[in-house]
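Notes for the one structure printed next.
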Amino acid sequence: MYSLNRSCFMSNTSISGSSSPFSNYQRRRLPAKVVALSTANRDQSNGSVLLDTRSGTTTLQEIRDGYAEVVDPKSGVVGGVQDVYGEDTATEDQPVTPWAVSVASGYSLLRDPHHNKGLAFNEKERDSHYLCGLLPPTVVSQELQVKKMMRNIRNYQVPLQRYMAMMDLQERNQRLFYKLLMDNVEELLPIVYTPTVGEACQKYGSIFNRPQGLFISLKEKGKILEVLRNWPEKNIQVIVVTDGERILGLGDLGCQGMGIPVGKLSLYTALGGVRPSACLPITIDVGTNNEKLLNDEFYIGLRQKRATGQEYAELLHEFMTAVKQNYGEKVLVQFEDFANHNAFDLLEKYGTTHLVFNDDIQGTASVVLAGLISAMKFVGGNLADHTFLFLGAGEAGTGIAELIALEISKQTNMPVEETRKKVWLVDSKGLIVSSRAESLQHFKRPWAHEHEPVTELVDAVNKIKPTVLIGTSGQGKTFTKEVVEAMSALNEKPIILALSNPTSQSECTAEEAYTWSQGRAIFASGSPFESVEYEGKVHVPGQSNNAYIFPGLGLGLIMSGTIRVHDDMLLVAAEALAAEVSQENFDKGLIYPPFKNIRKISAHIAAKVAAKSYELGLATRLPPPKDLVKYAESCMYSPAYRTYR
Ligand SMILES: O=C([O-])CC(=O)C(=O)O
Ligand SMILES: [Mg+2]
C-alpha cells in the first residue's frame, strides 16, 4: 500500500494567518461546505484539502473558516510538498483514491442537518438541488417553522419528550434548532439543559437512537488520535469533556453522561455564538460504579467498574496529548462533571500546558461571584463586609470560595490568606476546622480555620453568623426550615443560593426560601424555579448557573486566540455579568439579568475576557481588535438560513 508521510504533510499545510504556505494565492469565499471525502484518505490536519476535478485540471483547495485558498495549477505548484496525497508521484502499483468535490443535493441534502431547510427551500433551490418531488409543494419561512415546532413541543406534557423532540430537531435541521433555542431561550433552556438534561442522562440508554458526540473508552487506549480523526469536523475550537462520574448532582452516570457535553455545547452556540461545527462533545468511558446502570440491559457504556489510578491517568493523558496534537494549542477544553478528586487533579495538571478550564469549579465560581457582586445592591457594603457559609466543599464550593477570597483581596489589598477567613465551609462531616486539617483532602485545607468542631449545618449558621448561605452539596432538601429561619433571624435580607442541580437536588426550593424567610431572602438557584407569590408580592428567583459564564468566556478565549486560562479572566467575567443587571432587574429582586438578553451579555463577557487576555499577554490573535464588544458580536454564529445558489 502507498503510505503518506503525514507529519510532512501536516507541517506543510498547517495554516496560521499570513504564514500560510498558500498565502500568495487567491483567497475566496467558498460557495458551500464542500467536503465529501473518502474516509480512507480524508485529510487529518486542521484544514481540509480537497481535489477539485470539475474542469479536468487538478486544483488544490484549502478550507478554513469558510475561506478557500486556491492553488492554480498553471502556476506550476503541483507535486512536491503540495502533492498532498501523492497522486502525482504515485506509480501504477500505488493505488490512490479518485476524489471529487461533491455538493450535497437531493435526498442527501434533506438528510444533512447542516444544510437541510425542510419546507423552507425555495422554488429555485428545489429546482437546482434536485429536490423537486422530495418535498410537498408549500414553501414556508423559518419563522413559520419556529412557530410550528414550538407548538409541537408545547404539546408534549412530559419534559423528556420535549428534550427528545429538540434532539431530533438538532439532528434534522441544525439551524432551525438554534433559531428555536435562541428565540425561546427562557422556555427551552430547562429542556436542553438542567433540569431535563439530567433525566435524559439517567435514561440515555433507553432514549438513545442516534449517537451524538465522540465516545472514547478504555478500548480506544493507544489510538485516541485516530478516534479524534473520525470526527467529521476538523476545525474544532471547543471541546466539552466528561467522564460521567458526577453528572450534575446525580452522581455516576458513566457513559450516559454524554447528554451534558452535548447540552453545554448547544449553549456555546445558542448563548455564545460559537459555530456548531467548531464544537465537539466528548465522553470518556472508563466504566461506571453505578450498579443500576451496570445491570441495565439498555446501558450504552463499558460494563465494568471505573478504572482509577494509573490506568485512568494514562488514558486522560493520551487524550489531552491527542487533542493538542490534532487541534493545536488554542483549542479550549472544558472539563465538565468529573468527580472531585479527578477534577482538581486534571485542572492542576493541564492548566499550565493546555487551554483548559473546569466549569464546575471555575465557571460556577464566576457566576456566583457575579450574583454576590450584584446582591450588594440589596444588602449594602462590600463583599469584605460579609461572611460566607457553604454547605458542600467540593468543586463548586471550594471554587466559589476561592474566587470570593480573590475578589475581596483585589478590592481591599488584603492577602488572600486573610480574606479566606471570611469564608467557611461545611462538608458531610460538619464545619471544616483546623482540628480536621490532617484528614482533609488537599482542596479543603485552605478553609480549615480555627474553630471548635460543629456537626450540624444549623449550628454552624448560628455560630458563624453568615450573611450569605451557599448550597453546593449535591444534596436536595438540606436547607431545612430551621436553617432558613436561622439565616432570617440573623439577617434582614439573607442571601441564600441553592446551587445544586437538577431541581431534585436543590438545597431548597424558591418557594421554601421565600416562605421561610417571610419574603426577605435574596434567592437564586442552579436550576430554574418559577416566580413565587408571597403575601401579595411576586418574587422572581434568579438562576445562578454557569451557563451565564462559559459561553461568553469561551468566545472571549477563542476570538483572542488565547492559550491559557487565568483566574483574572474569571473575575472580569463575573464583573461583566454583574454589570449587566439593570435597575429594572433589581426592582424585581433579581441578582442576574434575564437569559433572554444572553447573547448581548456573552459579547460583553467575551470582550472583557479577551481584553484581560491581551493585557496578560496570553492572546495570540494580533493586533487586538479596537472594539472588542463589536468584534465579539461580529464573530457570533447566526442560525438564519442561507440561500443556496
Ligand atoms: O450543568 C449545570 O446546570 C451546572 C453544572 O455545571 C452542574 O451542575 O454540574
Ligand atoms: Mg457541571
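Placed from the backbone N, Cα and C atoms, the Cβ positions cover glycine too.
TrEMBL: automatically predicted annotations, no manual curation.
Listed by TrEMBL as binding divalent metal cation are Glu336, Asp337; the candidate from Asp345, Asp360 that the record includes in that site is Asp360. Selection of the binding-site residues Arg246, Asp360, Asn501 by a Cβ distance under 6 Å from ligand 1 yields, in sequence order, Asp360, Asn501. Listed binding-site residues: Glu336, Asp337, Asp360, Asn501, Asn545. Those with a CB atom under 6 Å from ligand 2: Glu336, Asp337, Asp360.
The Cα atom of Asp337 (divalent metal cation binding site) lies nearest to that of Arg246, taking the recorded positions Tyr193, Arg246, Lys264, Asn501, Asn545 as the candidates. The Cβ of Arg246 ((S)-malate binding site) lies under 8 Å from the Cβ of Asp252, Asp337, Phe338, Ala339, Asn340, Ala343, Asp360, Gly474, each of these being in the same chain and 6 or more residues away along the sequence. Those residues of the chain, other than Glu336, Asp337, Asp360, with a C-beta within 8 angstroms of the mean position of the divalent metal cation site C-beta atoms are Thr242, Arg246, Ile247, Ile260, Phe335, Phe338, Ala343, Asn358, Asp359, Glu395. Confidence annotation: the domain 'Malic enzyme NAD-binding' (361-614) carries a mean pLDDT of 97 in the model. The binding-site residues in question are Glu336, Asp337, Asp360, and the one with the fewest Cβ neighbours inside 10 Å is Asp360. Residue pairs drawn from Arg246, Asn501, Asn545, the listed (S)-malate binders, are separated by up to 17 Å at the Cα level.
For the pair Lys264 (active site, proton acceptor) and Tyr193 (active site, proton donor), the Cα-Cα distance reads 7 Å.
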